[in-house]
C-alpha cells in the first residue's frame with residue numbers, strides 16, 4: 001500500500017547564502033554576455049569564500065564584459081557591504097580564469113556543423129519537470145512557502161523592518177499530508193544571520209511576527225505547529241565567511257524541493273544551449289500545462305538527450321496514478337504539442353535574453369514573472385483537444 005498520510009519537508013535558502021551568491025554571480029555574468037551577444041556559449045562557475053570570489057569556466061563570445069565589475073555589483077545588491085561580515089563587495093578579491101568552449105562540443109551544438117546538421121543538445125543527460133495541484137502556482141506547497149519565507153526575510157532586511165538581519169538565511173517547511181493532500185504546516189525552521197548585539201528574543205519575535213505569520217496562512221497553522229527560529233541560538237558568522245559557496249550546489253532548492261526526481265544538472269551560469277537548463281525549463285512548461293489542462297493532479301516529465309543530437313532519446317510522463325487518460329497517451333500528446341529539440345525550446349521559451357539573474361534565487365519554478373515563460377499555461381486548449389476532455 002502506498003503511504004497516504006505523511007509529512008514532507010522542503011528547504012529554501014536566501015540570496016545571501018554562499019551557494020546562492022555563487023549562483024547569482026554566475027547568472028549575472030551570463031546576463032551581461034547575453035545582453036550583447038545572444039548566441040554566446042557560456043559555462044560560468046563561481047566560488048566565494050572569505051574576502052574572495054573566483055570565476056572560472058568556458059565562454060565563447062563577442063561580448064566585452066568587465067567581469068570583476070559584474071561580480072562586485074551582484075555582491076553589493078545582495079547586501080554584503082561591510083567587511084565586518086567577512087565579505088564585502090568593495091574590498092573582496094576577484095579572480096577570473098575564463099577559457100573558450102571546446103571546439104569538439106561546439107560543433108555538436110552549432111547549426112550546420114557536426115554529424116547532425118541541426119542544433120544538437122549541448123550534452124547528454126536527463127532532465128525532469130514537475131507540477132501538481134497543491135498551490136495556485138501548481139507547485140508543491142512545502143517549497144512554495146519555503147521560498148516565500150526566504151524572500152520575506154530579504155525584504156524585511158532590506159527595507160529596515162528587521163534591520164538586525166544579515167544576508168545569509170535558510171528556511172525549511174514541513175507539510176502534513178492526509179490522504180495525499182496537504183492539510184497543515186507541521187514545522188517551520190528559519191535560521192538567519194544577524195548583527196552581534198541583538199538579543200535572541202528580539203530575533204525570534206521579529207521573525208515570527210514579520211516573516212512567518214505574514215507568509216504562512218493562519219488556517220494552515222495550529223497549536224501543534226512548531227516554529228524553530230535560529231535553533232543554535234546565535235548566527236553572526238555567515239555568508240561566504242561562514243561557508244565556502246559554489247555554483248550549482250542548491251539544485252533541489254532551485255527545482256521542486258525534493259518532490260519529483262532530478263537529473264543532477266545545475267542551472268546557473270549556463271547558456272540555453274545547455275539542455276541541463278533549457279530542457280529542465282521545458283519540462284516544467286510541459287508538466288504545468290498538462291496539470292493546468294486537467295489531465296492529471298500530479299505530473300512528472302522526463303526528457304533525455306544525446307550530445308549533438310536534436311531529438312530527445314526518450315520522453316516519459318508519470319502522473320502518480322492521477323491521470324484522466326493513460327500515461328502512454330499523455331506522453332504521445334506531449335510529443336504532438338511540444339517541440340523538444342534544443343533550438344525549438346530556445347525559440348518557444350524565448351531563452352536568448354538576459355533573464356537569468358532573477359532565476360538564481362528563490363526558485364526557478366512557480367514564480368509567475370513575465371520573464372519566466374516556462375510558467376505560462378498557453379498550451380492547455382490544444383492539450384485538452386488532443387486528449388478529448
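Note that Cβ sites are derived from N, Cα and C of the backbone, with glycine treated the same way.
Annotated ATP binding site per Swiss-Prot: 17, 168, 169, 170, 234, 235, 243, 249, 250, 266, 270, in sequence order, evidence recorded as sequence analysis. In the three-state DSSP classification, residue 17 (ATP binding site) falls within coil.
Residues or ranges marked as Mg(2+) binding site by Swiss-Prot on the basis of sequence analysis: 19. With a 10 A radius on its CB, residue 19 (Mg(2+) binding site) counts 22 other CB atoms from all the protein chains.
With a cut-off of 8 Å between CB atoms and residues at least 6 apart in sequence, the same chain places 22, 26, 55, 56, 57, 246, 247, 248, 269 near residue 45 (K(+) binding site), listed in sequence order. Sequence annotations record features per position, and here Swiss-Prot assigns K(+) binding site to 45 based on sequence analysis.
Under the heading L-methionine binding site, Swiss-Prot lists 58, 101, 243, 274. Residue 101 (L-methionine binding site) has a Cβ environment of 21 other Cβ atoms inside 10 Å.
Sequence annotations record features per position, and here Swiss-Prot assigns region 'Flexible loop' to 101-111. Counting residues 6+ beyond its ends, the region 'Flexible loop' (101-111) has Cβ neighbours under 8 Å at 41, 43, 58-60, 117-123, 273, 307-308, 342-343 in the same chain.
Considering only the binding-site residues 19, 58, 101, 274, the residues lying within 10 A of residue 250 (ATP binding site) on a C-alpha to C-alpha basis are 19.
Of all the binding-site residues listed here (19, 58, 274), 19 has the Cα closest to the Cα of residue 234 (ATP binding site). In this structure, of the binding-site residues 234, 270, the smallest number of CB atoms within 10 A of the CB marks 234. Nearest neighbour of residue 270 (ATP binding site) by Cα distance, taken over the binding-site residues 19, 58, 101: 58.
Spatially, by CA atoms, the binding-site residues 17, 19, 169, 243 include one closest to residue 274 (L-methionine binding site), and that is 19.
Residues 58, 101, 243, 274, recorded as binding L-methionine, reach a greatest CA to CA spacing of 30 Å.
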